[in-house]
Each structure stands twice: as C-alpha cells, then as structure tokens.
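Peer 1: The structure that follows is given in the form of structure tokens.
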Amino acid sequence: MANDKDIAAVGSILVNTKQDLTTRFRALFTLRNLGGAEAVKWISEAFVDESALLKHELAYCLGQMQDESAIPTLEAVLKDTNQEPMVRHEAGEALGAIGNPKVLELLKKYAEDPVIEVAETCQLAVKRLEWLMNGGEQTKDGTDENPYCSVDPAPPAQRKSVPELRTQLLDETLPLFDRYRAMFALRNLGTEEAVLALGDGLQCSSALFRHEIGYVLGQIQHEASIPQLQAALEKMDENAMVRHECAEALGSIGKEPCVQILERYRKDQERVVKESCEVALDMLEYENSSQFQYADGLLRLQSAH
C-alpha cells in the first residue's frame, strides 16, 4: 500500500514541467491507480500546466476516480474560460462521472456555455445525473455490461440489432444523450459490424460526438477501425480534439500500420495532436517491451534509490 510519502514522490514528478510529458503521464496514471485524497490533491495541482493534453487527462482521471474531494477543482476548471475548451469539457464530463447531484445547478448553467463542446458536455452530464437520480443504475433491463473499467458519460441503450443502434447513433434529430447511449451499446458489443457502425459516426456534425467515437474505438482496439481513424487524423481541418482522440485510439490498437501513422504525425503543428502521438508511441513502446506496467511511477522511484 502506498503511503503519502510515496504519493508525494509520484506527484512531484507529475507537476515537474522539466520532466518529459510521457514520464508525467505515467506518474498521472500511477496516481489515478493509487487513488485517495492525497492523489487527488497532486493531480489538482497540475492544472496550471501549458499542455492542454495533460490537463484534459488530469480531469479525465479525476472523473474516473469518482472521488468527491475533486469536485471543487473540477468546478473551478469548468468555470475558468482561460482553460482550453477540451480541458473545460473534460472537467464538465468528470463532474457528471463523479455523480454527485450537488453539481447539477452548475452543470445546467454551463449547458448554455458559448463554447459548444462545453455546452454539449454539460447537457450530457445533466442527463447522466438525472438518470442516476431516477435510479438508472439499479435498472439494467436489456443492456449489455460494460466490458471496460470506464465511467461513461451515458449508459448504454437497450440491446438492439447493430443496424438499429447505428440508425440511433447517426440520427442528428435525436438528443445527444440518446445517440451516446447507442454509441456505448455498440461499444459493448465490440463486433466488427458494431465497430464499422461506430466509425460512420466520425462523419457527424458535433465535434464532441466525433471525439467520443474516437475514444470508444480506442477502447475496443479493433483493427477494422484503423482506416476511419487514420482518415480523421489526416484531416487537417478537423477539430484538434477529434484528431488527438483518433491518434490515441490508433496507439491503443497498436498494430504496425498504427505506429507508422503516429510516427508521421508526431511533429504535427497542433500541439495536442503532436503530444498525443508522443504519448501513444511511448505506451506502445512499453507494451512491446518487458516493462511490467505502464503506470510505473512507483517502480521508477524505487529503482532510482
């Protein structure tokens, strides 16, 4: 069991701007896995960083940890219009993931935010909290289990055929929450047919929606999605939030063609895309080596003594 001293040692790597971004990401994931108020405190301290990629990942981790001590930090990040939209969006999503209804009024306020990605995120988070408050987690009628350890912005839709779920996914007249439910139902199926249906979502009009498609394709890690992920990454006029998520998904799939694509974009002019490629390649290097675990902040500290 890690003590506060161990956590502080890993935390000091996370907040050290002189460290490589890849090393700091490893420290972040170590803190997420360790959990607890002290880990939350260290993660919260890194929101002053210049890297939007790192800050958005901080918010994501705080949401996944579901520790209510992170709520004040996440509220402050959501309110801070100097933070990049992708960071504010992730803070809003994390508040929904933690699931405490006390943030409902704040989320309703920011559901009207002038930044569309932030507004749509908060609309989804409001719907998720209302779903939780109505006992949604207790009633799992006809839905498939989430095979991943993620807290999602929407529950899966009830089990239907892939063509039916695809229709729900792509129907832009439906509320975003309902389309997200179809997205997570398709993800939970994880078949090639489901993956190809999800890939079609990369053509939809909402950048937030497209970036979430990239995220779930990264979770599934199915090679059938490589061409669509590559096409989105190569689209230079695509929203950087979408391109970065597609880069991370390619890294998650990790096949040789993915490595070649990531190598090509590790010098991209968009900082968040460039950094995503660097982090993804670092994760792949770990997976292809004999290193025991990616979130190895504590192991690295021990080997340095």
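Backbone N, Cα and C atoms are what each Cβ position is placed from, and that goes for glycine too.
Marked as Fe cation 1 binding site by Swiss-Prot on the basis of similarity to another entry: H56, H244, E245. According to Swiss-Prot, the feature Fe cation 2 binding site maps to H89, E90, H211, an assignment based on similarity to another entry. Feature annotation from Swiss-Prot assigns region 'Disordered' to 137-160. Among the features that Swiss-Prot reports, repeat 'HEAT-like PBS-type 1' is placed at 54-80. Residues or ranges marked as repeat 'HEAT-like PBS-type 4' in Swiss-Prot: 209-235.
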Peer 1: Which one, from the binding-site residues H56, H89, H211, H244, has the smallest tally of other C-beta atoms lying within 10 Å of its C-beta?
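Peer 2: The binding-site residues H56, H89, H211, H244 were compared, and H211 has the fewest Cβ atoms within 10 Å.
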Peer 1: Which whole-number value in Å describes the distance between the Cα atoms of H89 (Fe cation 2 binding site) and H56 (Fe cation 1 binding site)?
Peer 2: 8
Peer 1: Whole-number Å only: compute the distance from the Cα of H244 (Fe cation 1 binding site) to the Cα of H211 (Fe cation 2 binding site).
Peer 2: 8
Peer 1: Rounded to the nearest Å, what's the C-alpha distance separating E245 (Fe cation 1 binding site) and E90 (Fe cation 2 binding site)? Just drop the number here, would you?
Peer 2: 13
Peer 1: Please report the DSSP secondary structure of H211 (Fe cation 2 binding site), reduced to three states.
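Peer 2: Note: H211 (Fe cation 2 binding site) is helical by DSSP.
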Peer 1: Using all protein chains in view, find how many other C-beta atoms are within 10 Å of the C-beta of E245 (Fe cation 1 binding site).
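Peer 2: E245 (Fe cation 1 binding site) is surrounded by 28 other Cβ atoms within 10 Å.
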Peer 1: Reported in the order helix, strand, coil, what are the DSSP residue counts of the region 'Disordered' (137-160)?
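Peer 2: Going by DSSP assignments, the region 'Disordered' (137-160) contains 0 helix, 0 strand, 24 coil.
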Peer 1: Just to confirm: which same-chain residues, 6+ apart in sequence, have a Cβ under 8 Å from the Cβ of E90 (Fe cation 2 binding site)?
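Peer 2: Result: K55, H56, E57, A59, Y60, G63, T121.
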Peer 1: Given the recorded Fe cation 2 site (H89, E90, H211), which additional residues of the same chain have their Cβ within 8 Å of the Cβ centre, ordered by sequence?
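Peer 2: Apart from the listed residues, the neighbours are H56, P85, M86, V87, E93, E117, T121, L208, M241.
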Peer 1: What is the set of residues, excluding H56, H244, E245, whose C-beta falls within 8 angstroms of the centroid of the C-beta atoms at the Fe cation 1 site?
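Peer 2: Same chain, not in H56, H244, E245, Cβ within 8 Å: L53, M86, H211, G214, A240, M241, V242, E248, V272, S276.
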Peer 1: For the repeat 'HEAT-like PBS-type 1' (54-80), DSSP counts of helix, strand and coil?
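Peer 2: For the repeat 'HEAT-like PBS-type 1' (54-80), the helix, strand and coil counts are 24 helix, 0 strand, 3 coil.
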Peer 1: In this predicted model, what is the average pLDDT of the repeat 'HEAT-like PBS-type 4' (209-235)?
Peer 2: 98
